[in-house]
Amino acid sequence: MQGNYLHPGRRGKEENQPKCQIKDKPKTRTQPRNSKNFKRKSLKQPHKPKEYSLKNPIRLKCITVVEWKAFEFFILATILATCVSLALHKPYPNGDTNDLNLFLEKIEVIFMVIFTGECVIKIVAYGFYQHEEAYLRNTWNFIDFSIVMIGFMDILLSSLSIEGLVSGVPSLQVVLNAILMAIFPLFHIALLVLFVIIIYSIIGLQMFQGLMHKACFDNITGVLIDDDPRLCGGNYQCETGVCREYIPGPNFGITNFDNFILSMLTVFQCITLEGWTDVLYWIHDSMGSTWQWAYFVSMVILGAFFVMNLILGVLSGEFSKERTKTTSRGIYQKAKMLEQMNDDMKGYMDWLLIAEDLEPLQWKGIDPLQLKQTLHTSKLAKLAKINRKFRRACRKAVKSQVMFWVVIILVFLNTCVLATEHYGG
């Protein structure tokens, strides 16, 4: 947290000495205040506008603050308080917390504000990075700045709620789960790909080593006939000039089988189908035989069309598994919700049936026995009883399968009748 700090306005007895070439430069903490023979450490003035020069009152105030002992003690006390708050924080599973953790989270915001203010003040006082005495040139200041930036990143990521975003999008959750579940199978496939590359690299190293460096040179001048030379010495012979070494080879000498590393790189290029036919033609021109096609064709079939497609197969399989799990989970949740709705509806209908058996007069405080005798002797009670029976019969008929199919048949017949209408009929 410490560095070479500036002391503006402290001239002391140095005013009687010869003036330095760089004027109005504050001294560093390591310089004695009253020594007559000290050598002032020059502070290289950065290329800044006038408002950020050492004469700027805002910068001078910031320098005074960072050189103030109380400010340094305050920062140290804040660091100590931060350590204590981290020690008191007790994590709980499943995102649970307590009152102490909530209080410490609020205090952490205050700490972030304090440390951010410290960084801003020191950057204004020393400059950011442009000169030797700048803020980031000091190791401790660089560590402080990095910690503050990490704190802001933590706050930003927590506010974005990435986990909530993933859980809120089922399709994205399926894709991420499929990729995570496919990591170990993909690792096994990667080992298989590496094994194939190594085998074909060794075979190519034994058969094609040193074949891709011959080209056509002029007999007299000894220079290449073509700026983009064609390999020769096998199936292709020079029309003019002589075929001899040495050129680096195709692609600035990278594509060849001269050593194991370059052979692996060339095989990997062929497996990715990136110009593998060019490599085949180069070997054909420089070797002269026609059997090497079997090497390249088998490598492409095994490496590109089989092994590489295993990656897509693994990802597709894991994706299908995760999609099946998600679909089953959704069906189960829907069935559970439907069952809950049916239970609620059944209870509601039972309550309605019980409520229909009770007459409004009961809620006015009349004795049920007296009410029953009165209803049986009145015509209104008979009509109410008939009404209840009729409603129950209608409800039973509407919910029956017979009524359902009757309605379906009627709709079908109605559709047929409407379809018979035509123009001119």
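Cβ from N, Cα, C; glycine included.
Here's what TrEMBL has on this protein:
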- 1-49: region 'Disordered' (REGION)
- 11-27: compositional bias 'Basic and acidic residues' (COMPBIAS)
- 28-47: compositional bias 'Basic residues' (COMPBIAS)
- 69-326: domain 'Ion transport' (DOMAIN)
- 70-89: transmembrane segment (TRANSMEM)
- 109-129: transmembrane segment (TRANSMEM)
- 141-162: transmembrane segment (TRANSMEM)
- 174-203: transmembrane segment (TRANSMEM)
- 260-283: transmembrane segment (TRANSMEM)
- E274: Ca(2+) binding site (BINDING)
- 295-315: transmembrane segment (TRANSMEM)
- 402-420: transmembrane segment (TRANSMEM)
With a Cβ cut-off under 8 Å, give me the same-chain residues at least six positions beyond the ends of the transmembrane segment (70-89) that come close to it.
1, 100-101, 104, 107-108, 111, 114-115, 118
Counting only residues 6+ away from its ends, which parts of the chain sit with a Cβ under 8 Å from the transmembrane segment (402-420)?
none
According to DSSP, does E274 (Ca(2+) binding site) sit in a helix, a strand, or coil?
coil
Overall pLDDT of the domain 'Ion transport' (69-326), taken as the mean:
83
